[in-house]
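Working notes for the structure below.
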Amino acid sequence: MILERNRRCQLALLMIAILAAIAGQTDAQKAAKLTAVSTCASKEKCHTCIQTEGCAWCMQPDFKGQSRCYQNTSSLCPEEFAYSPITVEQILVNNKLTNQYKAELAAGGGGSAMSGSSSSSYSSSSSSSSFYSQSSSGSSSASGYEEYSAGEIVQIQPQSMRLALRVNEKHNIKISYSQAEGYPVDLYYLMDLSKSMEDDKAKLSTLGDKLSETMKRITNNFHLGFGSFVDKVLMPYVSTIPKKLEHPCENCKAPYGYQNHMPLNNNTESFSNEVKNATVSGNLDAPEGGFDAIMQAIACRSQIGWREQARRLLVFSTDAGFHYAGDGKLGGVIAPNDGECHLSPKGEYTHSTLQDYPSISQINQKVKDNAINIIFAVTASQLSVYEKLVEHIQGSSAAKLDNDSSNVVELVKEEYRKISSSVEMKDNATGDVKITYFSSCLSNGPEVQTSKCDNLKEGQQVSFTAQIQLLKCPEDPRDWTQTIHISPVGINEVMQIQLTMLCSCPCENPGSIGYQVQANSCSGHGTSMCGICNCDDSYFGNKCECSATDLTSKFANDTSCRADSTSTTDCSGRGHCVCGACECHKRPNPIEIISGKHCECDNFSCERNRNQLCSGPDHGTCECGRCKCKPGWTGSNCGCQESNDTCMPPGGGEICSGHGTCECGVCKCTVNDQGRFSGRHCEKCPTCSGRCQELKDCVQCQMYKTGELKNGDDCARNCTQFVPVGVEKVEIDETKDEQMCKFFDEDDCKFMFKYSEQGELHVYAQENKECPAKVFMLGIVMGVIAAIVLVGLAILLLWKLLTTIHDRREFARFEKERMNAKWDTGENPIYKQATSTFKNPMYAGK
């Protein structure tokens, strides 16, 4: 059979009527209605019609209108022939939350363990759907719920539902979550037992009892287990020299991949003994085979002892990096990791040398499938590596471990507090289904777009709104029915949604009242499907009235080829009339197509952006002269992002931090009395005073018992908006729009705190104030006096030293000059000798 080729788009007469009806409306309203009408009118098949938002299909046999696909707000079609499926929700299992049920029992209400469930079926005016026609066995099908079992823990409500959804329609589902008090905890400690971790093992064996006691104070339903790992017993990971294989280091056992020493159980006293008896080993390269151990610890659920209803914690302790997929090729292992359990009865990993290390994505998938929270307890040198790793593993965290693991108890306690005090909703929806979460968490304000709530306590209940939207129908009809799971991260409980996508019309299938073989309305030469003819071979035309072998009237003009009675041009001048139907011209470019009942549509004359039709193929497609945007894009040229995700602060909160509007995926910041906001998410305001002064007194009284409100009654009465969380050091995370506050109190001590307002107020204060050292006045006075005396003595001694040196130099010079002096022999000119001798010169000696 030849599918009819000439049911095209156009609605000229109808458009004139619509224009007259909405003459008093604004231009924007008129344009919106005309766009909707044109979009519907261009659809020629029932299934493409109902896959278009706001459209309905008329399967009236003698339909006189221009198009069977019309806007479903119109009354163009008799009700009994109109088909427009509606979105329907039916709750199947709706057990009450455990905390709520216990509260009702304690109050003596004796009410049902179930809240009411809704049940309905989608239908059209022409036919009813069989979506809910099947009956289920058991009480749940009869009443829409099941009785609550006293031994069952329920933390998410509802638990199961059915949903029939049309394309592009959004449906909101209310989800409630409450952490049950005393919820069971399974903690499996996975430790690196290479030689460098020997002191850590010794410390853990002494802290095992303390770890058990600490966790039992949190929940009395606590199981503890222990496993260890080294690396693959192959070069270059370990030395394969026979002697080294037996004793790779002093007091070491032979290397191994992974071993489960102690499955999870409530005999926590044996944990310390197992750790103490475990022997360290040695390897060659720096990274360890921890990923092999993680995969086996998660995949081997029964051998490890993971319970169905428990919060599952896997503490991974190491001081080194990790091998991942591909590293096994260095040792000649090319078979990829299959993600299955391969433990011997003794708990040893049997495929360590047969399979490669798992990839990060494999670890992440196993974590999601088994609701595991991994805590990477690593030394400071490796912390930055594992902080990047946790970004790719759902529900995981990284924390600093002391070099000897002495802080392991506090580390586990703090990480468990962080995990248990928050809830984040995740789902397994495919790319055809979009789920957006909204919640007000614990605040009384309006809901904001977020899938995570923090600072929860046991018993507190939060609600989420899951907005489900079917973006498009999958190409394979087998995918039109899917099961979607929504679950809190790290909790093995799911809300199951049995989704049926309304992508087809019953009248297109045999057995429907709208499906007639050799119908009279098709001249007896075709099958009527939803009111349109699917002609037999050799016949064509709107009613299969034309024969391919009879050419007498094949090219005769017909008024049905003209847009309206006033038009004198067939097929809008872009085609020719064949047997009362337009055959549109072909364009030189085969990608460019002219279409429509009167060739009035095309896919190349739409608005352009950046020289591309509808901003490019990734943003939208051109249909009948208008851009049809793909999911996530909007605007006349599909150039704007529909989602506000790019306007949401990374840490969550309000759109544009509550200080602007999101336009085309970009925040437009506002100016208020405080000042001008800026930044990518309008999170910065250099001129704003903030709330530091407002929060100061409450932080002082609650954290330090000082300040104007230090009186207990005053503090309790005035400080009800928040309770500050103590931290060792206050550091700002600019991505979360946090503000730093610093003050000095009456003791001249500096105290610091930070706050953020992402949906609700969070305050983090430094646990210890920074106070100046106390001044010892007597010591200062005595010190000054002593300093003066000592300085005086020093000056005197210095003066004495200098004078002595000077005198000695002078004396030495004097002595030197005296010793070197040469005196001439002379007589005193006034001295007279006692005797005088006179000699007569004339005397001759006689």
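Each position is counted from 1, following the chain as shown.
Keep in mind that glycine also has a Cβ here, set from the backbone N, Cα and C atoms.
The domain 'I-EGF 1' (507-545) scores a mean pLDDT of 83 in the predicted structure. According to Swiss-Prot, the feature domain 'I-EGF 1' maps to 507-545, an assignment based on sequence analysis.
Residues annotated as domain 'I-EGF 2' in Swiss-Prot: 546-600. DSSP states for the domain 'I-EGF 2' (546-600), grouped as helix (H, G, I), strand (E, B) and coil, give 7 helix, 14 strand, 34 coil.
Residues annotated as domain 'I-EGF 3' in Swiss-Prot, with sequence analysis given as evidence: 601-639.
Per-class residue totals from DSSP over the domain 'I-EGF 4' (640-683), listed helix then strand then coil: 7 helix, 13 strand, 24 coil. The feature domain 'I-EGF 4' is assigned by Swiss-Prot to 640-683, with sequence analysis given as support.
Using a 10 Å Cβ-Cβ cutoff, Y831 (phosphotyrosine) registers 6 neighbours. According to Swiss-Prot, the feature phosphotyrosine maps to Y831 (among others), an assignment based on similarity to another entry.
Y843 (phosphotyrosine) falls outside any helix or strand according to DSSP and counts as coil. Cβ neighbours of Y843 (phosphotyrosine) (same chain, under 8 Å, six or more residues apart in sequence): none. What Swiss-Prot records for Y843 (among others) is phosphotyrosine.
What Swiss-Prot lists as signal peptide is 1-28.
Under the heading topological domain 'Cytoplasmic', Swiss-Prot lists 799-846, citing sequence analysis as support.
DSSP labels the residues of the domain 'I-EGF 1' (507-545) in these numbers: 5 helix, 12 strand, 22 coil. Secondary structure of the domain 'I-EGF 3' (601-639), assigned with DSSP and counted as helix (H, G, I), strand (E, B) and coil, comes to 0 helix, 16 strand, 23 coil.
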